[in-house]
Amino acid sequence: MFRVAVDCRNHTDSDLSIEVQFQYPFRLHQVYFDSPTCQGGNKDRLFLVGDYSSSAEFFVTIGVFAFLYSTAALSIYVFFFEKYKENNKGPLIDLGVTGVFAFMWLVSSAAWAKGLSDVKTATDPDKVVTMIPACRVSGNSCREVHDPVMSGLNTSVVSPDASECQTGHFLSADSSVLFQAFGFINLILWVGNLWFVFKETGIIAPFMRAPPPQEKPAAPDAYGQQGAYEQDPYASNQGGYQPDYSQQGYNQVLDTLPAHTCCYHGDHR
């Protein structure tokens, strides 16, 4: 809603508070106001320009269906989760529907952003004043009284009737930009939800498994395999000499010892 004032040369014909009300779904070509002609108290009925209901209604429709689907999905998660996981059909369907809603939030938010910009342009008081014939006559002056910054925009999603809007049966947005932000926030939430639903499908599970552990080779036997890996140090240091530990070699060693030492070994030869 905004107000403009028409100050005629003949002040008795002036109207200093012309109120123009508009609301959801923004069919501005149906919004009219009466302005003075500054000629004997007659008035002209003028209409705003533009119909931006398609983008606004599309945006609201996506929001309603998204809310209904979210409610249904939450009920299934809580009460029928086992049935939901059966044959993996539930997560796949959920993934597809979530992807569709994420895309729809992108489209509807972009459409409403464009529609909102057009609504601001069409309801600019400076532009509306140029539509009033009396404002183009010299001696008359026109100005805006109340600038319709979007913080003052009442967007009704309950009833298109302006009289009901005045009684408070409407969704009042302190800023219509909030609706635009609401759409893009939902876009982020639904795109983020795609990842969680995608994990429920199990498609990525084979790619997230840890590789099997490598088998370590068995340690060699401490006693049975020791000879296979160790060599006598004397074999490398003494040119391959190996001492003879047989009985004959033992007797040869005894013969080289003095006779008095043999008693220690129990030999009395």
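Glycine is no exception: its Cβ is also placed from the backbone N, Cα and C atoms.
Among the features that TrEMBL reports, domain 'MARVEL' is placed at 1-202. Taken as a whole, the domain 'MARVEL' (1-202) shows an average pLDDT of 82 in this prediction.
Per TrEMBL, the feature region 'Disordered' maps to 214-241.
Feature annotation from TrEMBL assigns transmembrane segment to 58-80 (among others).
The feature transmembrane segment is assigned by TrEMBL to 92-113 (among others). Same-chain residues lying 6+ beyond the ends of the transmembrane segment (92-113) with a Cβ under 8 Å from its Cβ atoms: 54-56, 58-59, 61-63, 65-66, 69, 73, 84, 179-180, 183-184, 186-187, 190-191, 193-194, 197-198, 200-201.
The feature transmembrane segment is assigned by TrEMBL to 177-198 (among others).
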